[in-house]
Each structure stands twice: as structure tokens, then as C-alpha cells.
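K.L.:
Here it is: the structure, laid out below.
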Amino acid sequence: MIKFDDKQLNNIVEQDGDKHFFIETWGCQMNEEDSEKLSGMLKSQGYEETENRDEASIVIFNTCCVRENAENKVFGNLGRLKNQKEKNPNLIIALCGCMMQQKGMADEILSRFPYVDIIFGTHNAYKFPEYLHRVQVEGVQVKEIFDKETEIVEGVPIDRKSNVKAFVTIMYGCNNFCTYCVVPYVRGRERSRRPEDIENEIKELVSSGYKEITLLGQNVNSYGKGLEEEITFAQLLRRINEIDGLERLRFMTSHPKDLTLDVVYAIRDCDKLCEQIHLPVQSGSNEILQKMNRHYNKEQYLELAKKIREEIPDVTFSTDIIVGFPGETEEDFEETINLVKEVRYDAAFTFIYSRRNHTPADKMENQIPDDVKHDRFNRLVAAVNEGIVVGNKAAEGKIYEVLVEGTSKNNENKLTGRTRNAKLVNFDGCKEMIGKLVKVKIIEAKSFSLVGEVVE
């Protein structure tokens, strides 16, 4: 563990005039939390965040490389920044995140977009104030990518985007090497934070009024490996459940091969652990699962889901599914559809397979044509949505405890929040309810949300 050196914050040069920054984030919740830390470091030095990129004196793109589409968005946005840089030569453009960690990517960026000022990767984001200082004082272009993961850095300032719920990372990296995935290459090997550091962060959040914590990790079930103190993920959950003032606890992501029954029992037994599990299946075909290097088969996954439902009757499942993986036949795809119907997910992140350089799947034979991928994707989404509608319909007439998160995105006159099992609910109420737990009766089920009314 390394303690963040806050002295480097003192090196950020006071700029004349506007001190606004803009951060655009692509990718997962881990990236979102990384952006909150970048924002925290800048706000510690008097910078203000703006939602208007044209107003910013610092623009940061926190990138993702899980799919080609995310990379193309970065290239497109960089191209549009050229005019802004020409109008304001003092504009500082910084790129970070998983895309930058890929071999040769930083050099490609600087070749195509020479007006970029700072490039850094996933392992050294805590050094951003140092890089910014060098650009401001020395007028140099900074590119620094660490090939290997560093020790975990504690104490980095963080600017939370919500006053009600927060992400807390418990581990970094992944050791699984699924054949389609770049995460182990760009996020490094698994490293776990010390349990006392996690507990202290959560206690500080609770004392500041936060009600819900989501524990993050590429594979939270691997938590504890390599720590001096012997501790499992289930034991960590039970320890956090004892923190006074915490109302709700969630976690993601779980790998089906590593989700043990002691974690299931912890969810069953602990009053603060929410009845919701994100359990990526990726495919319902055993042949495809083997090609993906997932280390479980369809039967094992279904048995695990069945056991979870037996122990936690109100549980909801969400998942990740990829269609169009190399060699996927129509029969393989139909097995995925059948699994989706059997499990009946309450939410799903569905993806068309995207070839990624330097992954084994990219070199596999029988790559699927795009038109076939898109056809299967549309059929998958339809099957998933059918299950979601059934689950939402079953909620009608029931009363749920809802944590009020804020006003609805679609209607500022309505409040929005989630049930313990992660159902999104919109309802009428006063803004004083934000941050509180309220009882809501569901009066209407919509396709992807519920409509309710507050009950006394």
C-alpha cells in the first residue's frame, strides 16, 4: 500500500482566469470511480467542473477499450477538440484509462492527434497532478504508461457524484484471462485493498450521510488473495454489514466460477446486503463457454442460480451476454436464448462480440459476419426484455422500501430511487425525501421501470 502524496497537489500552477475542467468517461464503474478521483484532485486545487466542454481549460477523456465502439468515440471526440485547441492554445488535453494501456496506443494517439498534452494509463492516475504541473510549467508533452501494476494507492481525493450512494473499490485487476477480454492486460493482476482501509472509507462515507455502498472489483469473489490477513469476500461482507449507520450494501462483479455459497449465505443473513446479484453468464452454450475460457458450464451456472433463488427468494439477477463469439452456431445461440428464458433476468448488459487485438479470440477461426451478429443481438434483446417485463409486472401491488436517489431524469417533478433488489421506481414526492428510505406501493409496471406512490 502507498499513501497518496498530497504535496503534489501544491504543484498545480495557479492559472489566470478560468479554472474549469471537463471529464468524459467511457466504460465501467471502475472508470467512473477513477474519474471521481481525477475530479477530486482538481477540485482540491480550486478547479471547478463544467458540463460544457467549450468552457474548460482542462479536458480529460477517461477511456475504455473493451469494445471497438468505445475507442471510435474517443477518436471522434479528439478530432472535434482540434478547433478548440486552435482557439485556445492554453487548453490542456489529457487522456487516460484502459485504452491508453494498450500496446502502441499512446504513440498512435500522439501521431494522429499531436495536440494532446498528457497521456497516462490505469496504474498511475494518482500522478496526474505531477503531469499537469509539468505541462503548465515546462510546456512539455507528457506520456507515461506503467507496464505493470503498482501497489494500491490510498488516500487519493475523490469527488463523489452522488450524496446518497457511493462506489468503493475493494480490489483491482483480474487473473481470469477470458479469451475475448482485454481487462487483465490493461488493469493488471488482482490486488486487494486491506479490509481496514475499506472499512475506514465506508465509515467516513456513512458519517457524511451516505446510505448505500457498492463494492467494486473486476471479480470481487477473488478478494483477499495476497493479503497478510486471511480474509474471504464473504467475511469482508459480514464485517462491513456491522458498520453502524450503513443502510444498504451491494457488490459487483461476480464470476460464476468463484461465487461460493458462503457469499450467498452472507446475502441471506446480513440485513444490509441487498437481494441483487450481477452474475455474468456470457453464453448459454457449453462449447462457447469453453472457447471463452470461462471455467464453468451451463449446468453449473443454472444450478448456482437455482441455489441462490432457494436461499434468497426475493433476489434479482442481472447479467452480461455476448452474441456472435467466433464459432457461435445458431444452435449455440438458441442455447443462450433458452438459458435467458430459464433464469429470467431482471436486467442484462447485452453485447455484440467485438474483436480486440492481442486476445486469443481475435485469432480464432469462424468469425461471425456482422449481419448475423446483429440479427442475434436483436433476438437476444427481445428475449431478455420479455423476462424483465414479467418481473416488473409481478411487482404491481407490492410495497417496497425505496432509497430515494434524486429527481427523475425524464420528469423533474417526480422522484426516483431503487428497491433493495435494484428495481427502478419513479413516484411523486417532495425533494426532502432525497437520501431517505421510504415505503412505496407499485401501481404500474413499465418496460424498464416501476411507477409507485408513497405510503405512510
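In case you wondered, yes, glycine gets a Cβ from its N, Cα and C as well.
So Swiss-Prot has the following annotated:
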BINDING   Cys28, Cys64, Cys98  [4Fe-4S] cluster 1 binding site
BINDING   Cys174, Cys178, Cys181  [4Fe-4S] cluster 2 binding site
DOMAIN    19-137  domain 'MTTase N-terminal'
DOMAIN    160-392  domain 'Radical SAM core'
DOMAIN    393-456  domain 'TRAM'
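What does the local environment look like for each feature on the list?
P.N.:
Cys28 ([4Fe-4S] cluster 1 binding site): 19 other CB atoms within 10 A of its CB, across all protein chains.
Around Cys174 ([4Fe-4S] cluster 2 binding site), the same-chain residues at least 6 positions away in sequence with a Cβ under 8 Å from its Cβ are Cys181, Val183, Pro184, Arg187, Arg189, Glu190, Gln218, Asn219.
Taking the domain 'MTTase N-terminal' (19-137) as a whole, pLDDT averages 93 in the prediction.
Across the range of the domain 'TRAM' (393-456), the DSSP-based residue counts are 4 helix, 32 strand, 28 coil.
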K.L.:
Which Cβ among the binding-site residues (Cys64, Cys98) has the fewest C-beta neighbours inside 10 Å?
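P.N.:
Fewest other Cβ atoms within 10 Å, among the binding-site residues Cys64, Cys98, is found for Cys64.
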K.L.:
Work out the three-state DSSP category of Cys98 ([4Fe-4S] cluster 1 binding site).
P.N.:
helix
K.L.:
Rounded to a whole number, how many Å is the Cα of Cys64 ([4Fe-4S] cluster 1 binding site) away from the Cα of Cys178 ([4Fe-4S] cluster 2 binding site)?
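P.N.:
One finds 17 Å between the Cα atoms of these residues.
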K.L.:
What does the structure give for the C-alpha distance between Cys178 ([4Fe-4S] cluster 2 binding site) and Cys98 ([4Fe-4S] cluster 1 binding site)? Integer Å is fine.
P.N.:
17
